[in-house]
Structure formats: C-alpha cells, structure tokens
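Marked as domain 'VLRF1' by TrEMBL: 1-133. Per TrEMBL, the feature region 'Disordered' maps to 24-46. Among the features that TrEMBL reports, active site is placed at Gln31.
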Amino acid sequence: SAALGVWLGGRLVRHKVLTGYTVRHSAGGSQARRDRRTRGGGGRSVGASLHRAEAVRLWQATAARLAEWVSELSYCDMLIRCGDARVFAHVYETRRPPAPIGPRDPRWEGAGMSVPRPRLRDLFAVYGRLSTGRVQNLLSTIRV
C-alpha cells in the first residue's frame, strides 16, 4: 500500500491511497523480500508472478500520482516518507512515468515512525505526530 498526501498550510489538499496484491498471504511479507532471500530469484509460481506484477503496477501508479501532483509538490518545503528505503527505490526505478522527485532531493525526511499498512487515517496520524510537540521545563529538573 501507499498513502500519499499533500498538506499546505495545515490542510490536506490532495490525498490518495493506492493498494495492490503484493503480499504473500500465507507466509507474510512481500514477494520482493522473498525473492531477495531465495537462491535463483524466488518462486516461479503463478502467485509469485502475480505478486511481482502487482508490485510493479503499484509503484508505477504511485509515480504517476506524484507526477500529477508535481505543481503542488514544488511548493512543499519538506517531503516525508515512512517505510523501507528499498520500497522507495522501486518508485524511483519506474520509467513509465518516471517519478518527478528523485531519491536525493534534499527535501526528503524520514518520519521516524512505522506505518505497517498505510491508509488515510495514517496520513492524519503521521501529520499530527510530526506537527505537534511537547515543551519540557528543564529548569525544574536541575538541582543546584
């Protein structure tokens, strides 16, 4: 899954949740991870082929959506991502369409939190967590 959102002025102006059948149901985990761990490139079953094709379709759809939002993304001072860096490599590898933002864009920041299955509510949770904070009075804890 991929949950994408653009926040401007504290307001969610664009959002999209993209999903695909990419996870190996009985064994858990993605097909790409399974392929990396097995000799010879992983399973050759119909299910494995379906998972691989769905993963490619998901990352192409993600890159296409980012390409549609390129004007809004140009106004963003910061781009936040959650998840495995290898997953984002798949987004950047897509050629049709190419991702409008490269992996070395200085605006990219890690969220520092995990989102196992991204949905719209997770966009709000990540935004809320990153845009709020706590003030701690350090003077009261220091004894002289």
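Using N, Cα and C of the backbone, Cβ positions are placed for all residues, glycine too.
Nobody curates TrEMBL annotations by hand; they come from automatic prediction.
What you are looking at is a predicted structure, and each value in this text was computed from that prediction instead of being measured.
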Could you count the residues of the domain 'VLRF1' (1-133) that DSSP puts in helix, in strand and in coil?
59 helix, 25 strand, 49 coil
Mean pLDDT over the domain 'VLRF1' (1-133): what is the value?
83
